[in-house]
Each structure stands twice: as C-alpha cells, then as structure tokens.
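Take a look at the structure set out below.
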C-alpha cells in the first residue's frame, strides 16, 4: 500500500505543472496529502496507476531518466486516476512542490519542517520509493539496457552497506569500507571523449583506480546523481559549486515563498541536501523493515516529530549524524562515479557527459564527495537568523577581522532548561535578543552562535559581526553559548560535540578560525561563574583548551558582570 501511494504522489508531483497552492508549504501539509491518498486510493489500484502519473511527467531531464530506469515505470494513460484522489487544496500543494528548482534567487519544491529545516520534497519521495523497492542494484559495466526493476536484482546484504541508521554517536563518515574491484569499466564503455579536446584539456586527469562495479538505486536517485552533475558543471566552467546555501521564508506560520541568501546558489541547496539525505535515511530504513511496513504518513510524522519508533535520535534533527553513519566517503565517491557512468549509457546521453573519460568522471566524483562529506555532513546544521525570527540589528554592526584566534564558551544560565525542539529554542533566542537589546542596550543578541539540545546551532551575530559576549575580547574570538545552566549538570553529548569538534573544525576549514585557535571558558577572561562549574571542568580536558590566560583586572569589569545574574523572567544570560 505504501509503495503504491508513493507512486501516485510522485506522479502528481512530476506530472503536474507548477501552480498556486492554498495550503502553507509545510511538511505537515505533505504528510496530510499522503494520509489522504492512503485513505482514499485502493491498495490494489495504486501501484499501477501511480506509475502512469510518473511516466507522463513532461520533464525528460537526466534525473527523470534515473527515476525511470532505476525505479521503474509503466506506460498508462494518467487520466485513469480521474477523479483525482486529492482534495483541491492538496492537489494545489502537489503542484506547488512539483519539482525542485532554483530560479532568480528563489527556491521551489521545498517545505518547512517542524524542526525548522527546509526540505526539498522530490529527493525525499524518490528515496522513499527506492527503499520500498528494496534498494535495487545495477551492475557495471552494463551488459544490457534492461532496467534493474525488470531483473529483480536487490542488494544481498544491505546492512553491510548501511548499518543501523539510529547510530548517532559517530560525528563523521566511517573510514573503513569494503573494497570495490572489477574489470576496468573503460574497456566496456564506448569512448565518449572523441571530438572533445576542449573538455579533455579543461579537467585535471585522475588515474581511475577501482572503478565502480554497481549503482545503488537509493543513493543514485537521491544524492549521487545530483552531486555528480552539479560538480560536473562546475568542473567544466572552472568554478566551485556552492553547497548548502540557506534561505529565508516570507513567514514561518504559513510559509509561501523561499528566498535564497545567495541568489547565485547552485541546485545543491541546504533544502535539497536535507531532502536527499532524509530520502537516503528513510529509504534505507524501509528497505530493512519487513512487511507490514508503517504507512508513509505515519513514518514521516514520526521522523519529523519525536522520532521513528519513539527513538529521539532517529529524527530529522540529527540527519547529518545518521546519514554519516550509513556509508563511507569511498563508497559514496564510487556511487557518484557509477551514477555518472550510468547516465552516460542512458539515452539520450547527457550532453556534458558525452565527452568525459572515466578518469575525469572519477575526479568529479572525488571532488563532489569531498565537499559533501566535509562541508555538509561534517559540519553542524545552523539555523540562520531569519529562521528563529531575529529582530534587525540596532545600529551598524562592526565587522570582525578574520580569521580569529579564540573560541569563548558560555552557558546561557537563563534560560536554564535545555531546549530540545525548534519551537522552544527559537523562543529562547528571541527572548535573549530582546533582553540584550532592550535591557542591556546592545545592538543585537550578544553571542556569535547558540547551541540547542535539539541538534541545531542558532546563528546570533554569526561569523562576521563583532559580538557582545566576552568583555574586552569580543573582537578576538567567537562567543558560543549552550542553552541551559551547567553549574551542576552537563549538556547533551550532541551539543558538546558541536562545540568541541564540528563547529570549530568547519570554521577552520572555511578560514574563519585559525588552526591553532585557543578555547577558553568565559570565566577565564571575566569574573563570572560562566560557563558553569560542570561544563568548565569538562572544557579543561578538551584539546584546544588553554589554561594560561589570566582574567582581566577587577577594575575593568563592571560590578554586575562579576556574578551570575539571578533567575528572572527575561533571560539575563551572560553580561559579558
């Protein structure tokens, strides 16, 4: 039943021309559409007619060729679903999120999820369908053009490729992975580089070792194909594709328009990567779940809610940790390479692939995988200011002189309870900003970043504005606070890992923080108990902690800032 319902929704998404929806662009609306399909469409009818909707999609681009070849489709008149099983409002929604696209600084086909993240619907649904089909595999080189859904091939051991998705302890990709070896695919693939000297000269040559032997349908239709094609375009134009560009909704309660923060962003936006990774995670889960599987509406409600099967670690908040546990960089690189090889063999051949050698494809795959694993999977998810409803900066912010040499750790003290969901964390951010602006008279919230216990970092003054977090040292380092009072207790392991590992390492990689940066607790520079005894004792064991910095003389510190502020309705937080 679940697979048939998904075929119908995929067909609706791909077949319908973009229109205007009356429903807000929320993940809850997509879940509502799935629930309505599950209720109204007979299980015996769904799979056959839904694939007709997919086949009638007007877009014949390379992504649809992958969908058709790896997921399967039948030629059937799409009007057999008349009358449409969806209400006019939900049909309007499917038209609104028909296909993912980026045009003139706007992003289409995306919705706002309950965790505050923006998610592209198309790669999410493609991943769900691939998982329902059992993660089909196609062997390379192609002996025939028979689609894998016709041969019935599946992975004999999916768990060996994708371990338990709920393992959230690993911050990065596993280094160990099975070696993939086979005969050189170049011997079985037509020479696609003849007559293309310009392309041949424009790309660095890479020795093609261990060429790909198979393509995983789940990775191909979600991540691998899009990563490969986007970085292929970048390599041919001598430019580096932007990865993970964020954006802002026109409103959070009933979002309708999503504007990217970089109008020149590539298709690999944050929303697309979120949707693709969610598709991989949930597709893998479905491929390993025996019948009867949960309904898709129920599964998505759990995943974008409290957690699948009541596991709080298995939810969208922790998609990067869970996604990183599913594969290794070497396997993903092979899948990107293999998917590009597959696209070379499908008709009509993608024009940019027509003149590419296997060595060049291998280089594109390596570059794409490195950027994805280091700049996306290996970095924390940061909600931009617009996502938590920040008020404008009062005055004119002063710019930092980057890179900086210090990272100052704080706790907010008030709010004292850790925030574990987007609604509470966003409310805490707005409350702290109001106090800092209205009571303290500062231009903005004082911290550079605030870390919640919901799996997200919240942008305060960010990487470029001087903060108001560590008196006398604001221009020398970033101030990072963890929501909560850590006098006697410690933050969650996920929050600690963010401050200790992922946030600073990504800042170093981006040239924002010096590689030899020093990490200090607030109390080392100002007479205060911040960041709390329990947290500070732990900081002293961290690699970049520096114990030799002396606190500022008492005469240069205000009386009020020498003590922790007492609890109050408005969060006092650190007073520098």
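Every residue, even glycine, has its Cβ placed from backbone N, Cα and C.
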Per Swiss-Prot, which of 383, 410, 436 sits in the Zn(2+) site along with 522, 530?
410
From the set 226, 274, which residue is assigned the annotation deamidated asparagine by Swiss-Prot?
274
Hey, which of 239, 558 does Swiss-Prot call phosphoserine?
239
Where Swiss-Prot places deamidated asparagine when the choices are 322, 428:
322
In whole Å, how far does the CA atom of residue 419 (disulfide bond) lie from that of residue 410 (Zn(2+) binding site)?
15
Whole-number Å distance between the CA of residue 274 (deamidated asparagine) and the CA of residue 322 (deamidated asparagine)?
12
Write down the Cα-Cα distance for residue 530 (Zn(2+) binding site) and residue 485 (N-linked glycosylation site), rounded and given in Å.
9
Including all protein chains displayed, how many Cβ atoms other than that of residue 425 (disulfide bond) lie within 10 Å of its Cβ?
27
Alpha-carbon distance [residue 522 (Zn(2+) binding site); residue 447 (site 'Important for catalytic activity')] in Å:
12
Between residue 522 (Zn(2+) binding site) and residue 425 (disulfide bond), find the distance joining the two CA atoms and give it rounded to the nearest Å.
22
